Amino acid sequence: MVVVTKKTMKIQIHLLYSFLFLCFSTLTLSSEPRNPEVEALISIRNNLHDPHGALNNWDEFSVDPCSWAMITCSPDNLVIGLGAPSQSLSGGLSESIGNLTNLRQVSLQNNNISGKIPPELGFLPKLQTLDLSNNRFSGDIPVSIDQLSSLQYLRLNNNSLSGPFPASLSQIPHLSFLDLSYNNLSGPVPKFPARTFNVAGNPLICRSNPPEICSGSINASPLSVSLSSSSGRRSNRLAIALSVSLGSVVILVLALGSFCWYRKKQRRLLILNLNDKQEEGLQGLGNLRSFTFRELHVYTDGFSSKNILGAGGFGNVYRGKLGDGTMVAVKRLKDINGTSGDSQFRMELEMISLAVHKNLLRLIGYCATSGERLLVYPYMPNGSVASKLKSKPALDWNMRKRIAIGAARGLLYLHEQCDPKIIHRDVKAANILLDECFEAVVGDFGLAKLLNHADSHVTTAVRGTVGHIAPEYLSTGQSSEKTDVFGFGILLLELITGLRALEFGKTVSQKGAMLEWVRKLHEEMKVEELLDRELGTNYDKIEVGEMLQVALLCTQYLPAHRPKMSEVVLMLEGDGLAERWAASHNHSHFYHANISFKTISSLSTTSVSRLDAHCNDPTYQMFGSSAFDDDDDHQPLDSFAMELSGPR
């Protein structure tokens, strides 16, 4: 018989508690809490059918979704953007999207997503852009959407939404763009605060007055036609004669039209056949897809003018739709007789295809025939920074700062991480594109000259845009990385002012040279006079001042005094700006150093007349007289005047 004492029992109970505590602690430590954003995104993915694997790298065991495709995160690693347009997604949109409370943009347009729009979207207080257009959503528009107090851009067009017109949308305070066209909504349309809204294609809606025609039905009385026999045979004969004559004319017109159409089609087929033979030396370029001219002709509707996205110095860019539904941008190069030969063109294509960075426009394909050169890029649904600066709603300050940093990182990659390095030579707002999540993407670098490590510059014909061209490039045709840095500085001024460089120059034409005037306002701490009025008071004054300082550093007259793009990125991110700004004051050219009377009097009459002639020179108008003053180069004023006279 076993006798259990009190002491033994206490020891056993203590051991039991210790064992249970150890098991609980082990379970707690071994099961790391899951990120609620990961759970929400996985639920969204599981509700969708993804035929092209666009969401394949969404890992349910991951704790950080910021590296996933189609996801944009804030600097604090919070999910702020979900963008998967034109991915052929189907299925339903999970209500778990309401758990992504930091979302600012949702872009799921041009898919086949069906079912009801989840009311949980109303739980996203920071949402600014919601685009569910061109899907198969049905049912009512959830009333909870009126709770999106930050919403500015709403597109639900081209779905199968029904029910009464959502009058509650008029209560969203900041809504500036609304498109509900081509659905099955009914009832009266209230007044909206949105600057732009579209309700076309909803057959059962009507204006708010008068209400009696808003029942959603159309009453039509039958059409009655009476024929009187009293008109006699003469009227019948006349009618028959007119009918025969009219029919003959119609048949003749149709015959002529058919003949012209046939001739035009044969001519087009002949052109297609002539252009459809790929150059033998340009076939099979790595990962680049080779298109035939006939394919691109079909994808762009015959290079229709309605599909033109933009026109530049290298040619037109057309919107295209591939056979699988993917949207692309097709650049059709002009003046190909002046382009390099097959070997040089092949080398440039290969180098461009290796320049892969999230802030660079990726080349995905090409077409090269004896008469055509075409490049195929991904379609950027939000256009260019230049167009967004002119559209409504205006880009907010945080977005402008994000664009500046993204563009700077793209140029840094071209300058310091490509081998051989690539010079863009036309950095401007029109060449900075915005993807579905408003991430800055540098475009048109694919047509830049490649810079060999053995060279410090490339001498060639001047290419670029007036107002963005660096002075040394304009005067000598010599470009370098610092040429791009100058253009980037002008881009920063465009982001600050909301104006193109030429528009900005006209604005300040009565106040002196553009950059000289900017520096003066900065010295006098009147930065607000430069700011885009569309920003209102929604900006950080310190950040604006810092960006302006970076712009002024980038646009210094001498290339050697401008920072490298790696330094520009650090300064925009808040590192090293103060030191660089202080060091810049050691350059006598940076601020006003007016030409002394002694210097001018020592010039010959010819030299003075040369200097006077530059009052109308573009470089003089940009830099002012301070551009002529520099002790570092020890060059006479005459040589500077010669440099500023433009390309020879």
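Cβ atoms here come from the backbone N, Cα and C positions, even for glycine.
Record features (Swiss-Prot):
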type	residues	note
SIGNAL	1-30	signal peptide
REPEAT	127-148	repeat 'LRR 2'
MOD_RES	THR300	phosphothreonine
BINDING	LEU309, GLY310, ALA311, GLY312, GLY313, PHE314, GLY315, ASN316, VAL317, LYS331	ATP binding site
MOD_RES	THR326	phosphothreonine
MOD_RES	SER384	phosphoserine
MOD_RES	SER387	phosphoserine
MOD_RES	THR459	phosphothreonine
MOD_RES	THR460	phosphothreonine
MOD_RES	THR465	phosphothreonine
MOD_RES	TYR473	phosphotyrosine
MOD_RES	SER475	phosphoserine
MOD_RES	THR476	phosphothreonine
MOD_RES	SER480	phosphoserine
MOD_RES	THR555	phosphothreonine
Determine, using Cα-Cα distances only, which of these recorded positions is closest to SER480 (phosphoserine): GLY315, VAL317, THR326, TYR473, THR555.
TYR473
Looking only at the repeat 'LRR 2' (127-148), report the model's average pLDDT.
92
Do you know which of the binding-site residues ALA311, VAL317 has the most other C-beta atoms within 10 angstroms of its C-beta?
VAL317
Reported as an integer number of Å, what is the Cα distance between ALA311 (ATP binding site) and THR326 (phosphothreonine)?
22
Check the DSSP secondary structure of LEU309 (ATP binding site), expressed as helix, strand or coil.
strand
Please classify the secondary structure at THR300 (phosphothreonine) using three-state DSSP.
coil
So how many other Cβ atoms are close to GLY315 (ATP binding site), meaning within 10 Å of its Cβ?
19
Which chain-mates of SER384 (phosphoserine) that are at least 6 residues away have a CB under 8 A from its CB, listed by sequence?
GLY310, ALA429, ALA430, ASN431, ILE432, LEU433, LEU434, GLY443
What subset of the binding-site residues LEU309, GLY315, VAL317 lies within 10 angstroms of the residue listed as 'phosphotyrosine', using C-alpha positions?
none
